[in-house]
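Peer 1: The structure follows.
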Amino acid sequence: MSVKSEKSDYDDLQDMVASNDAGGRNPKGLTKNLIIVTAILWSIFQLYYTSPFPFWLQEVIRSWGWEWNVVVDDTKARSIHLAFALFLAYLAFPAFAASPKHRVPYQDWLFAILGAFLGAYYIFFYEGLVTRFGAPNTSDIIAGCLGIILLLEACRRSLGLPLVIIASVFLLYNYFGQFLPTDWIISHRSGSLSQIINQQWVTTEGVFGVALGVSTKYVFLFVLFGALLDKAGAGNYFIKTAFAYLGHLRGGPAKAAVVSSGLTGLISGSSIANVVTTGTFTIPMMKRVGFSAEKAGAVEVASSVNGQIMPPVMGAAAFLMIEYVNMPYSQLITHAALPALISYIALVYIVHLEALKMNLKGLPRTDPPNPILIVLLKILTALLVVIGLTGVVHFGLGWIKTIAPNYAFLIVCVLLTAVYLLLIRRVAKFPDLEVDDPNAPMVALPSAKPTVNAGLHFLIPVVVLIWCLMVEMLSPGLSAFWGTMALAVILLTQKPLLHYFRKQPITSSLFVEGVKTLIDGLETGARNMIGIGIATATAGIIVGVVSLTGFGVQLSGIIEVLSMGNILLMLILVSIFSLILGMGLPTTANYIVVSSLMALVIVEVGKQNGLIVPLIAVHLFVFYFGIMADVTPPVGLASFAAAAVSGGNPIKTGMIAFFYSLRTAILPFLFIFNTDLLLLDVGWVKGTLVAVVSTLAILAFTAATMNHFFVKNRWWETALLILGAFVIFRPGFLWSMFHRLLIILSRHL
């Protein structure tokens, strides 16, 4: 393949991500500038809305005796959020493949302006809507009908047909379900046009419901945080660091792909973007050491999709889950962490077994190998340093808040600045990390020490984010705001400071470049949110119909009849329905759809059969299987993206990725019956034991599914591994069977 064609393929992949996440239209001139300015204004509004600044400003204004209200309430913020999303969706996404890509047709301008107006309808007619709450007039009904039509069309353009079809079917059911015979289980009596529009467009039960609220309040800031982190160079830093430390191992590039995709997935809301972002570098590396195109693509797919179940972001579903489950964020990610972590450990093991089967080696390393004892001592020292620093910071901040509460924020900013300057000084001693050409031959791995030191300052915003979430217990939105502010400072100052510490000339162009990068990040973050904003609003239609008609209870009855009261069969049916419903949907919409339809089914049917399942376990169950749709052929979008990178067969890539993901598919069944896996009501000692034992169990299950342990398994060895994994995961089941057997024997003896 020529260099020119490789460059063309790479550009095509970037276009694929752009058209999927940010819009495939790239107009010129005034229109281009309008899209950029609108996207930046959207990001600025979201930062303003999430920050504490409006409340501080409100106090100042009132102290002057003015009655202006500068605080945006949640419902108005949702309306503005949707207005921005609809306006940008019609300008950035062409109607069809053959539609103009370099200009915006007149009808799209009309749709964009009308969509923005209808999205902001609540703001323009706030007083009237409040007074006639529950009784929409003719104007409300017309606005609601047009708004829903424009929303569905924007969804078709930005996300494709699957979610549009599901939402349309539910709207049709909402209207025509009232005409079904009363003895039918799915009939209802809530289908007038006035009721539907009131539910969907006037109240906060439909389009402007919890899902759009979470997108407005939490998701946008995390997507913006991820975009700015990538613009700062952290994405390249994660990939290079993973390769520097793991690339020399057996099948090393694949192991590095798993880790780097996992790190990228921590802050990414799109498995497809994750596949292409990391896959353009990792997949050619895997192929170079001996992986087939399909297996290399499958490893990347499994890694990237698993990134969507990994806290803290979980593909933005974590923020929806805290609303649906009514649980603190820190508690939620504690419960979600262990299954996601052992799933990733098992994926690294899968890669290792594949390398063993093919007798693959790693890439040549630059640094001389250290004895294993030295490596372990370094890891232990690093852990002790992190634990020590955490304790010092925790108690130090508590002391500052006690001694100088009015100046605590200023003192923390000064201390963070000092840490940042020290880290930048350290970073300046090492060369910058260049973005490698993924198709260029790699003679040797990057050296570990300069690689890991070249991006230490990128850890500051990540630490700020996690500290605010887990220690200070701030809301996810406010935590992301402070993390984003730290990132903005880094983007504006890192290059001038690096030049200063390297004793290189500092020019105004360095500051201008920092400002341009920040503005580019604000634009990218907003454009990446178009699809998510539209998806959450469209998924709100489904939630609204379920709420208005009671379809969730009716679906529970249908599943109970089909499962004949068998809990395991019911879970299998729910998993299949979740897979089907999740096909072709982005992570956020995926979770909204499957949770609104399937979560209640598990709760109700389980309760009727004597199984009380914690709500968090139910929501994680349907979320896992909804995410699996990104892997599963024939619609697995992530598999098609990986195949485009690897040059392999997309269906075969999807099949292998699904096979690799079996360990992820088995976990939801296990934590439904053994909630210790979610660390529910367990202390540190038991939690540590559960983590160790469950890791051993998932490795045994993985060795069984791969039909390879140290060597190729015999059939009975595979059977023993599966049995052993099951017994370790559910020790109570074996004991209860043994206990029943003893009772039966005692009765007959």
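For all residues, glycine too, the Cβ spot is worked out from N, Cα and C.
Relevant sequence annotations retrieved from TrEMBL are reproduced here:
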type	residues	note
DOMAIN	146-419	domain 'TRAP C4-dicarboxylate transport system permease DctM subunit'
TRANSMEM	77-97	transmembrane segment
TRANSMEM	109-127	transmembrane segment
TRANSMEM	159-176	transmembrane segment
TRANSMEM	207-229	transmembrane segment
TRANSMEM	372-397	transmembrane segment
TRANSMEM	454-474	transmembrane segment
TRANSMEM	480-498	transmembrane segment
TRANSMEM	529-551	transmembrane segment
TRANSMEM	557-581	transmembrane segment
TRANSMEM	588-606	transmembrane segment
TRANSMEM	612-645	transmembrane segment
TRANSMEM	657-675	transmembrane segment
Peer 1: Who are the chain neighbours of the transmembrane segment (612-645) in space, where the CB to CB distance is under 8 Å and they lie at least 6 residues beyond its ends?
Peer 2: 12-13, 16-17, 162, 271-272, 274-276, 279-280, 283, 293-294, 297-298, 300-302, 304-305, 308-309, 314-315, 317, 321, 324-325, 327, 332, 335-336, 339, 571, 574-575, 578-585, 587, 590-591, 593-595, 598-599, 602-603, 606, 651, 653-655, 657-658, 661, 664-665, 667-669, 671-672, 675, 678, 680
Peer 1: Residues of the same chain, at least six outside the transmembrane segment (657-675), with any C-beta under 8 angstroms of its C-beta?
Peer 2: 297-299, 301-302, 305-306, 309, 339, 342-343, 346-347, 350, 568, 571, 575, 602, 613-614, 617-618, 620-621, 624-625, 628, 631-633, 636, 638-639, 642, 681, 698, 701-702, 705, 729-730, 732-733
Peer 1: Over the domain 'TRAP C4-dicarboxylate transport system permease DctM subunit' (146-419), work out the mean pLDDT and round it to an integer.
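Peer 2: Taking every residue of the domain 'TRAP C4-dicarboxylate transport system permease DctM subunit' (146-419) together, the mean pLDDT is 84.
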Peer 1: Output the single range from 207-229, 480-498, 529-551, 557-581 maximising the number of Cβ pairs under 8 Å to the transmembrane segment (159-176).
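Peer 2: If we count Cβ pairs closer than 8 Å to the transmembrane segment (159-176), 529-551 scores highest.
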Peer 1: Which one of these stretches, 77-97, 109-127, 372-397, 454-474, 529-551, has the most C-beta pairs shorter than 8 Å to the transmembrane segment (207-229)?
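Peer 2: Comparing 77-97, 109-127, 372-397, 454-474, 529-551 against the transmembrane segment (207-229), the winner is 529-551.
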Peer 1: Within the same chain, where does the transmembrane segment (557-581) have neighbours whose Cβ lies under 8 angstroms from its own Cβ atoms, ignoring anything closer than 6 residues to its ends? I mean 6 or more beyond.
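Peer 2: Same-chain residues near the transmembrane segment (557-581) but 6 or more away: 166, 185-186, 590, 593-594, 597-598, 601-602, 604-606, 608-609, 611, 621-622, 625-626, 628-629, 632, 665, 668-669, 672.
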Peer 1: Tally Cβ pairs under 8 Å between the transmembrane segment (529-551) and each listed stretch (77-97, 372-397, 454-474, 480-498, 588-606), then give the stretch with the top tally.
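Peer 2: Between the candidates 77-97, 372-397, 454-474, 480-498, 588-606, the best contact partner of the transmembrane segment (529-551) is 588-606.
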Peer 1: Could you give the residue numbers and ranges of same-chain residues that sit at least 6 residues beyond the transmembrane segment (77-97) on either side and whose C-beta is under 8 angstroms from one of its C-beta atoms?
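Peer 2: For the transmembrane segment (77-97), the sequence-distant neighbours (Cβ-Cβ under 8 Å, at least 6 residues beyond its ends) are 19, 22-25, 27, 31, 34-35, 38-39, 41-42, 45-46, 49, 104-105, 108-109, 111-113, 115-123, 150-151, 154, 157-158, 204, 207-208, 212-213, 215-217, 220, 526-527, 529-530, 533-534, 537.
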